[in-house]
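Asks: Could you have a look at this structure, given as structure tokens, before my questions?
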Amino acid sequence: MWVGIISLFPEMFRSVTDFGVTGQAVKKGLLSIETWNPRDFTHDKHRTVDDRPYGGGPGMLMMVQPLRDAIQTAKQAAPGKTKVIYLSPQGRKLDQQGVEELATNENLLLICGRYEGVDERIIQSEVDEEWSIGDFVMTGGELPAMTLIDSVSRFVPGVLGDFASAEEDSFANGLLDCPHYTRPEVLDDKDVPSVLKSGNHKDIRRWRLKQSLGRTWLRRPELLENLALTDEQEQLLAEFIKEQRS
């Protein structure tokens, strides 16, 4: 996967390219990340990248010319057809379904806004989709872009050692993840659930599904409203609720 980034602070993306799972993916050639700084496309000695908004009001907008030139240069450098995304509070909220949709693209170009945002005409002419990571305001689009890269890259073949990890994590099936345990067997007088030590894979699968359903019911009940539960899932959830209330 190729990811291009338009940002006034490209150095921030070293945390993606140099560390963790994404850093390893870059080293292996599974993920390619390139950055373009609009400051490099300015024509004045101050390298100005902001401008006043029409109509007045607080704050500034990103200057059109350097931003557009950076976007068009990045598009030309992309290895193929590229989806252009603007990280924006007005965009579609990123969720697991959205992550999986974005992961089907071989090339993504992410535009990170700053100040009060960008000229609406740039969005209309250069952007394919707007995406948000939540209903809150941040100082720029860099951290949302990193979030998107991290979540989407998990679905690039070879990035995770076990691809099933991406399919079984929280939200992959619309549910929160079940609890997990490792050694020691007893920690602060709390034992690992006996079913996980039983070796019975059928019982372990049912326990994990039950806990996943129950945790979703307890913490994010609104997620269940959008799911069509199977008969088995309905039964396991009913058992969990009964146990909680007994």
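Residue 1 is the first one shown; counting continues down the chain.
Glycine residues also receive a Cβ, built from the backbone N, Cα and C atoms like all the rest.
Per Swiss-Prot, the feature S-adenosyl-L-methionine binding site maps to Gly113, Ile133, Gly134, Asp135, Phe136, Val137, Met138.
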Asks: Which one of these binding-site residues, Ile133, Val137, Met138, has the sparsest Cβ neighbourhood, judged by other Cβ atoms within 10 angstroms?
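Replies: Looking at the binding-site residues Ile133, Val137, Met138, the Cβ with the fewest others within 10 Å is that of Val137.
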Asks: Helix, strand or coil by DSSP: which one applies to Gly113 (S-adenosyl-L-methionine binding site)?
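Replies: The three-state answer is coil.
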Asks: I'd like to know which of these binding-site residues, Gly113, Gly134, is least surrounded, judged by other CB atoms within 10 A.
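Replies: Least crowded of the binding-site residues Gly113, Gly134, by Cβ count within 10 Å, is Gly134.
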Asks: So if I draw a 10 Å sphere around the Cβ of Phe136 (S-adenosyl-L-methionine binding site), how many other Cβ atoms end up inside it?
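Replies: Total other Cβ atoms inside 10 Å, all chains included: 7.
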Asks: Where does Val137 (S-adenosyl-L-methionine binding site) sit by DSSP, helix, strand or coil?
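Replies: Once the DSSP labels are grouped into three classes, Val137 (S-adenosyl-L-methionine binding site) ends up as coil.
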Asks: Once the chains shown are all counted, how many other Cβ atoms turn up within 10 Å of the Cβ of Asp135 (S-adenosyl-L-methionine binding site)?
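Replies: Neighbour count, Cβ to Cβ under the 10 Å cut-off: 7.
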Asks: Whole number in angstrom, please: the longest C-alpha to C-alpha distance across Gly113, Ile133, Gly134, Asp135, Phe136, Val137, Met138 for S-adenosyl-L-methionine.
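Replies: Answer in Å: the longest Cα-Cα distance is 16.
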